[in-house]
Amino acid sequence: MMPEVVEVEDHVTTSPGTRELEQEPGLGTSTPPPVTAPPSQFDTRPSLSDRPLLLAVQKAGPNGGNKTPRAHTPNFFTPLGSPIRRAIQMTKLDAHDAWLPITESRNGNVYYAAFHTLCSGIGIQALVLPVALTILGWTWGVISLSIAFAWQLYTLWVLVKLHESTVTGMRYSRYIHLFNAAFGEKMGKIFALFPIMYLAGGTCVALIIVGGSTSKLFFQIVCGEGCTAKPLTTVEWPLLLAVQKAGPNGGNKTPRAHTPNFFTPLGSPIRRAIQMTKLDAHDAWLPITESRNGNVYYAAFHTLCSGIGIQALVLPVALTILGWTWGVISLSIAFAWQLYTLWVLVKLHESTVTGMRYSRYIHLFNAAFGEKMGKIFALFPIMYLAGGTCVALIIVGGSTSKLFFQIVCGEGCTAKPLTTVEWYLVFTSAAVVLSQLPNLNSIAGVSLVGAVTAVGYCTIMWVVAVTEGRLDGVSYNPKKEENNMVWIFSVLNAFGIIAFAFRGHNLILEIQGTMPSYEKKPSHIPMWRGVKVAYLIIALCLYPLAIGGYWAYGHKIPPNGGMLTAIYQFHGRDTSQAILGLTSLLVIVNAVSSFQIYGMPMFDDMESKYTTRMHRPCPWWLRALFRVMFGYGCFFVAVAIPFLGSLAGLIGGMAVPITFAYPSFMWLKIKKPKRQSFMWYLNWGLGISGTVMSVLLIAAGVYVVIDTGIEVSFFKPH
């Protein structure tokens, strides 16, 4: 369930040149000035879903002594940061605009502008023009009319040009605001306020008089001279124009949408555009949706960084149990299955019926099944896939950092090595520093680095394994257990390894939420293009890694660590130390990069608690504190519960439906395909199969814990 739009009583800090513009959206009253934001938040093209409104940060008075809050945009450059930074600095929005009828929707176009201008520019007043010519005559009458037409056309051009300042980025969407910006609020109240209000209110009064009188005349014409119907009075006719329809249930009636329930020759596209726009006030304050200027490249970077990681290195272990045939078949089925559910999530991100954008997995689940079901079935798996993955990344990154130091230092190194806990702390500190990047779009460069490093170490590992050749005595026969129960759970464990190799579905909606959406180009089009590129690269990594690793090591591949352990165990002496060191470094950098995107939903959740309660954006110091607390909280769990990896199969089984089951059920619930159609059968089959697989994996995890036991050692990481 998406958070409701809330009222905000905030102010923002502006430059000296725009301080006179502190006006309310209403005429002549004071209002907060604008806030810096990316242009995609207020894109003017017709869209399926408007950008979430950007609200403001607390403004300190000019004599208040408070330091001007800094913008969220970091003052540095990344390979992808420069264009984003420029775009953010060149746009200024008024937070209240998204709540007011004039600027609530910014999806107009040239046709709408022509319709509005023509409707407001010509009317009943033009009918008295011949009266002027009776006084001025032909010559001066036509000359005066032509001069006035050219004059007002020029002043109209001036207003159009002044609407948007190329210096400050301000948009003046009301005449009084532009006048105040030019001459000050006091002059505006004296010289502009009354004429503007008269032209609005006075014209409406005149229209009621003209419309009512003409309605009376129209009735007389239609009824005819011999009409016996009792005519309405002159007062009663205008009253018909303003009658308000009362609901059948009085004040308890559910509010209707702003869109009128009628059709006109031009009403249909307008009606669709209005109905297909939904805004969430808090989205502009939260790190996932704070910036919506993503593109197909950013989508590919984020998806690739989140979709491939250290868990893929144990894929050859699954083939030792399933063998060549069933191993490759299972891997292919899982790849196609998760790619389909990923497509489902991309399509469900944006509702073509309600116009709602579900930029978080839990929101889509709540929309389909309700908030209560979301808390029971989806909340813990989603939080585990975020927080649990960050804990695992600290363990992997810290352990690999220790190994990297040993490789670089060499056998004769006299430097005192750090302990495992200290390496965890070093890795966590690096991740926490990098986590200060404000939002999901700002870490696009980090995700690119993470994607490149993941592809790099996967490629190095399978290339080294293949070029070094098969080990002596390698066997490819599937492992056979004497006990059938043990064999069944071994097969389930192999399926679990393959299922866990595909991750990132809990982040797909979040990634798509950073992209703008237009009516002609909804967000699912560039998102799916980015996903296809990312998963093509993922397939080119996973298949060679699984097949090449199993070919080289067979049953000898270590079950703990997989390819990463095998490289150092079997090729530590005959492979260049530079290659081994580079592999370790790539793993470390990938872990630090992946920490950012997997931690983002947790950052978003923590900040949403604050914004929901306080109705204002999270200040920079509190945002930094949240991220520091989360990072070192994960460090504490990694140190305090080092045996958490032994429970990975059990807990991971609970998260399997996020990837393989829930998307199909949500498609059935939201899209409601025709019964007994292909999509109906497909989604029911995949949803039930994913649920059954989850239950079996949980059972297998419980069996492994009971059968092998757990070495419980608090605060004693290996």
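Residue numbering: from 1, along the chain as shown.
Note: Cβ is positioned from N, Cα and C throughout, glycine not excepted.
It should be emphasised that the depicted structure is a prediction, and the values quoted were computed from it without experimental measurement.
These come from TrEMBL:
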- 1-46: region 'Disordered' (REGION)
- 107-227: domain 'Amino acid transporter transmembrane' (DOMAIN)
- 110-132: transmembrane segment (TRANSMEM)
- 138-160: transmembrane segment (TRANSMEM)
- 190-210: transmembrane segment (TRANSMEM)
- 293-706: domain 'Amino acid transporter transmembrane' (DOMAIN)
- 296-319: transmembrane segment (TRANSMEM)
- 326-346: transmembrane segment (TRANSMEM)
- 376-396: transmembrane segment (TRANSMEM)
- 443-465: transmembrane segment (TRANSMEM)
- 485-502: transmembrane segment (TRANSMEM)
- 533-553: transmembrane segment (TRANSMEM)
- 578-599: transmembrane segment (TRANSMEM)
- 620-641: transmembrane segment (TRANSMEM)
- 680-706: transmembrane segment (TRANSMEM)
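Across the range of the domain 'Amino acid transporter transmembrane' (107-227), the DSSP-based residue counts are 99 helix, 2 strand, 20 coil.
Between the transmembrane segment (578-599) and the stretches 110-132, 296-319, 376-396, 485-502, 680-706, the greatest number of Cβ pairs separated by less than 8 Å involves 376-396.
Contact between the transmembrane segment (326-346) and the transmembrane segment (376-396) is not supported, since fewer than 3 Cβ pairs fall under 8 Å when only residues 6 or more apart in sequence are counted.
Counted over residue pairs 6 or more apart, the CB atoms of the transmembrane segment (443-465) and the transmembrane segment (680-706) come under 8 Å in fewer than three pairs, which marks the two as apart.
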